[in-house]
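Working notes for the structure below.
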Amino acid sequence: MRVTPQRLLIEEALRRIGRHATAEEVRRAVADRLPHATAPTVYATLELLAELGRVRKVRAGRGPLLFDPRVDRHAHFVCSSCGAVFDLPAQAPAEIVDPAPALAAARAAGHHPEAAEVVVEGRCARCVQAPR
């Protein structure tokens, strides 16, 4: 990958956002410094950064693809009410997010898995406390 100022700004923007973000959110975050950056350009750059292990892709339920500035192994919680995505803290991350059993099961079924992650779904604390 050629390191370009545009790619660096896009990666820095995701890190500044500091949470899971869509390509469009990242595009808006760089709009003042890269006014001609299009959504497809930002998306392609984030995809490339994910392939290189610099960011992580997160598919959370039925929502849009998110990009995570954290690349260490960790699980996610997705709120079924508001759609928010949270990183789950773990005392022993390797035990909690070990994808080996899921990957082995997929291979045994004849599939060719590329990745696996732990995603817990339910209602977040904020939605549980909100009056209905």
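Glycine residues also receive a Cβ, built from the backbone N, Cα and C atoms like all the rest.
Straight from TrEMBL, the features:
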- C79, C82, C124, C127: Zn(2+) binding site (BINDING)
- E95: Fe cation binding site (BINDING)
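Sparsest Cβ environment among the binding-site residues C79, C82, C124, C127 (other Cβ atoms counted within 10 Å): C82. Taking the mean position of the Cβ atoms of C79, C82, C124, C127 as the Zn(2+) site, the remaining same-chain residues with a Cβ inside 8 Å of that point are S80, S81, G83, A84, R123, A125, R126, V128.
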